[in-house]
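Asks: Copied straight from TrEMBL:
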type	residues	note
DOMAIN	1-301	domain 'Plant heme peroxidase family profile'
DISULFID	C8-C89	disulfide bond
SITE	R35	site 'Transition state stabilizer'
ACT_SITE	H39	active site, proton acceptor
BINDING	D40, V43, G45, D47, S49, E63	Ca(2+) 1 binding site
DISULFID	C41-C46	disulfide bond
DISULFID	C95-C297	disulfide bond
BINDING	P137	substrate binding site
BINDING	H167	heme b binding site
BINDING	T168, D220, D228	Ca(2+) 2 binding site
DISULFID	C174-C207	disulfide bond
Amino acid sequence: MGFYDSSCPKAEKIVQDYVHKHIPNAPSLAAALIRMHFHDCFVRGCDASILLNATSSSGNQTEKVAPPNRTVRGFDFIDKLKSLLEAECPGIVSCADIVALAARDSIVVTGGPSWKVPTGRRDGLISVASEALAEIPAPFDNITILIQNFANKSLDLKDLVLLSGAHTIGISHCGSFSNRLYNFTGVGDQDPTLDSEYAANLRSRKCTTPNDNTTKVEMDPGSRKTFDLSYYSLLLKRRGLFESDSALTRNSNTLSLINQLLQGSLQNFFSEFALSMEKMGRIEVKTGTSGEIRRNCAVVNN
């Protein structure tokens, strides 16, 4: 904690102030930033590899262009924070730490939980699109794949259930679940595990064609802007939007964890969520002389 206390004492305050100033006007960015942090940490650890642009010279396709990341937003927000921090302390604060701090601060500003963010992560030098596709959990994943994906990052069943709870805010696009509405097993059928009334509503009002990839749908209808337990209540009503949401109810251990959360207080959910976020924020971090402190978050130094 407080890695920058002597090298850049105002660093965390600069991030917090900027978030406090801008996120209230664009609260949906809070969901985008926590998603960016999650997608970053699951590929080569929390090292800001998700921020690197493809280099035209080598033709290297970076994580940014991989299918799971094509709808990631907030890159400009991180770039602006980086420029403020470079002005204050050039070459000191990593892009990886900026992502981790901005994610936490933006969730707090929108009324969600807080968690500890230790700092001192360094920025990675490598970013590969195929790794993002292979390692970021997909909305189509079943419970076996999800458990394995999380275990690969030293996260357990409890972390899986809690971190999925971030779907209490934000939006999705139809392409991430429309197979559940139109063609679940390849014969023009609907996913039987999705509440039929909810499915009919999605088909008639939201994803009106099977190939709609642009329409936005709330992850937690009716409370998309509040960080609460309603995501879990909807799972039990068979109204989880993704197959990966619905999958959490089809394993006795994850189902039991969902029920425990619903029987507990909101404060209990917040404190449990915080612990899982702290674990996620430590995945394969680079410290010491590993990696570098990027001057520009989108490109490696020289």
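The chain as shown is numbered from 1 upward.
Each Cβ is built from the backbone N, Cα and C atoms, and glycine gets one as well.
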Asks: Can you tell me which of the recorded positions H39, D40, D47, T168, C174 is spatially closest to C8 (disulfide bond)? Compare CA atoms only.
Replies: D47
Asks: Excluding D40, V43, G45, D47, S49, E63 themselves, which residues in that chain have a Cβ inside 8 Å of the centre of the Cβ atoms defining the Ca(2+) 1 site?
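Replies: Result: H39, C41, F42, R44, C46, A48, I50, G124, S127.
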Asks: Highest Cβ count within 10 Å among the binding-site residues D40, D47, E63: which residue is it?
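Replies: Selected residue: D40.
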Asks: Among the recorded positions C8, C41, V43, C174, which residue has its Cβ surrounded by the fewest other Cβ atoms within 10 Å?
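Replies: Among the recorded positions C8, C41, V43, C174, the sparsest Cβ neighbourhood within 10 Å belongs to C8.
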Asks: Given the recorded positions H39, D40, D47, C207, find the one whose Cα is closest in space to the Cα of the residue listed as 'substrate binding site'.
Replies: H39
Asks: Checking the recorded positions C46, E63, H167, which are within 10 Å of H39 (active site, proton acceptor) at the Cα level?
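Replies: Hits: C46, E63.
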Asks: In angstrom units, rounded to an integer, how far apart are the Cα atoms of V43 (Ca(2+) 1 binding site) and R35 (site 'Transition state stabilizer')?
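Replies: Approximately 13 Å lies between the Cα of V43 (Ca(2+) 1 binding site) and that of R35 (site 'Transition state stabilizer').
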Asks: Taking the mean position of the Cβ atoms of T168, D220, D228 as the Ca(2+) 2 site, which residues outside that list, in the same chain, have a Cβ no more than 8 Å away, listed in sequence order?
Replies: G165, H167, I169, M219, S223, R224, T226, F227, L229, S230, Y231
Asks: Determine the most Cβ-crowded residue among the binding-site residues S49, T168, using a 10 Å radius around each Cβ and all protein chains in the structure.
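Replies: When each Cβ's neighbours within 10 Å are tallied, S49 tops the list.
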Asks: Which Cβ among the recorded positions (R35, H167) has the fewest C-beta neighbours inside 10 Å?
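Replies: Each of the recorded positions R35, H167 was scored; lowest Cβ tally within 10 Å is R35.
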Asks: Roughly how many Å lie between the Cα atoms of C95 (disulfide bond) and H167 (heme b binding site), rounded to a whole value?
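Replies: Each residue's Cα considered, C95 (disulfide bond) and H167 (heme b binding site) end up 25 Å apart.
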Asks: Between D47 (Ca(2+) 1 binding site) and R35 (site 'Transition state stabilizer'), what C-alpha distance do you get in Å?
Replies: 14
